[in-house]
Amino acid sequence: MGSYSFCIAVLVMFNLSFMGFSASLNPYFYAKACPQALPTIKRVVGAAVKQERRMGASLLRLHFHDCFVNGCDASILLDSTSAFTSEKNAVPNANSARGFEVIDRIKYEVDKVCGCPAVSCADILAVAARDSVVALGGPSWEVRLGRRDSTTASESKANVDIPSPSMDLPELFNSFKKQGLNMKDLVALSGGHTLGLSQCRLFKNHIYNESNIDPNFARQRRATCPPNGGDSNLAPLDPTPASFDTKYFSNLVSKKGLLHSDQALYNGGQTDYLVKTYSKNFVAFSKDFASSMIKMGNIKPLTGKRGQIRLDCKKVN
């Protein structure tokens, strides 16, 4: 603990010197204390995505699901204790959230290169999300850093605050508004579904019982998602689930959104114009996505003396 305390003291000293004692996040938080931190995260994420392209979407999703529950504080990474039940057990995460072992690998490699546990798990999640998007052909952005890790988690908050794939547009808007995000953020961040896969149980009702879906597309999806059983069978969220592009939005215009909440963004409502714009303009989508990711990453971060820098992302120190 002596070397850990010394390491944290040095980190605080470096950062207070150029942050002017501000509690706000800063992209250069580790620039002096551990300049190899970000390159190390990029290297490990790149290797993980190269091994399994789907991992990029999984790491992006972890950051999203973390930030929507009490802010971007790495609470999603904590295992259950006698004091709380893990957010991993919440309905939006159980048997679907993945990539935890990659975060553990990043934490190990970053602590090794820094010489001590200097980088928070919350910051690792934020940077890994950005590096995953870049690895799959998406935009980059300056991740603001200096988050600290929570000492608790909330399964009940995760069940309530993480948007559901069955939500309509007003519900989605309210869910995002609760986090300080607006309509443009909702559509741009939903564009993260240009990456990854979804389980049959999450879109079964949409392909069997709803009308705002292309009949041929519904038929195609039913082939691997039977009305009874097959709940964990996977389908791509767009035609190119390992590439960051605009096909997610093109699909919505063609009524080929996989999830009910996807198609809700283009269903005669006030977000139709944004979906159309992004479907035709990769630059506009990339720019807005990057801006919204920065905004999301700034949801209620723990800074200063609040929280801690976990030695192990899975448990409180």
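For all residues, glycine too, the Cβ spot is worked out from N, Cα and C.
Per TrEMBL, signal peptide is recorded for 1-23.
Annotation comment: TrEMBL describes 24-317 as domain 'Plant heme peroxidase family profile'.
The annotation disulfide bond is assigned in TrEMBL to Cys34-Cys114 (among others).
Around the Cβ of Arg61 (site 'Transition state stabilizer'), 23 further Cβ atoms fall within 10 Å across all displayed protein chains. The feature site 'Transition state stabilizer' is assigned by TrEMBL to Arg61.
Positions annotated as active site, proton acceptor by TrEMBL: His65.
Around the Cβ of Ser75 (Ca(2+) 1 binding site), the same chain contributes Asp66, Val69, Glu87, Ser150, Thr152, Ala153, Ser154, each under 8 angstroms and 6 or more positions distant in sequence. Taken from TrEMBL, the feature Ca(2+) 1 binding site applies to Asp66, Val69, Gly71, Asp73, Ser75, Glu87.
For Cys67-Cys72 (among others), the entry in TrEMBL reads disulfide bond. The Cβ neighbour count for Cys67 (disulfide bond), using a 10 Å radius over every protein chain in view, is 30.
Annotated disulfide bond per TrEMBL: Cys121-Cys313 (among others), in sequence order. Contacts of Cys313 (disulfide bond) defined by a Cβ separation under 8 A and a same-chain sequence distance of 6+ are given as Ala74, Leu77, Leu78, Phe100, Ile103, Asp104, Lys107, Cys121, Ile124, Asp149, in order along the sequence.
Residues or ranges marked as substrate binding site in TrEMBL: Pro163. The Cβ neighbour count for Pro163 (substrate binding site), using a 10 Å radius and every protein chain shown, is 21.
Per TrEMBL, the feature heme b binding site maps to His193. Proximity of His193 (heme b binding site) to non-local residues of its own chain (separation of 6 or more, Cβ distance below 8 Å) is seen for Leu237, Asp238, Tyr248, Leu258, Leu259, Asp262, given in sequence order.
A simple way to gauge crowding: the CB of Asp238 (Ca(2+) 2 binding site) has 23 other CB atoms within 10 angstroms, across all the protein chains here. Among the features that TrEMBL reports, Ca(2+) 2 binding site is placed at Thr194, Asp238, Asp245.
As annotated by TrEMBL, disulfide bond applies to Cys200-Cys225 (among others).
Residues within less than 8 Å, Cβ to Cβ, of Thr194 (Ca(2+) 2 binding site) and separated from it by at least 6 positions along the same chain comprise Leu237, Asp238, Thr240, Pro241, Ser243, Phe244, Asp245, Thr246, Lys247, Tyr248, Phe249. Cα of Cys225 (disulfide bond) to Cα of Pro163 (substrate binding site): a span of 22 Å. Of the chain residues outside the Ca(2+) 1 site list Asp66, Val69, Gly71, Asp73, Ser75, Glu87, His65, Cys67, Phe68, Asn70, Cys72, Ala74, Ile76, Ser150, Ala153, Ser154, Ala158 have their Cβ within 8 Å of the site's Cβ mean position. Cα-Cα distances to Pro163 (substrate binding site) place none of the recorded positions Cys34, Arg61, Cys114 within 10 Å. Within the model, the domain 'Plant heme peroxidase family profile' (24-317) carries an average pLDDT of 97.
The record gives Thr194, Asp238, Asp245 for Ca(2+) 2. Within 8 Å of the mean position of their Cβ atoms, the other Cβ atoms in that chain belong to Gly191, His193, Leu195, Leu237, Pro239, Thr240, Pro241, Ser243, Phe244, Thr246, Lys247, Tyr248, Phe249. The binding-site residues considered are Asp66, Asp73, Glu87, Asp245; of these, Asp245 has the fewest other C-beta atoms within 10 angstroms of its C-beta.
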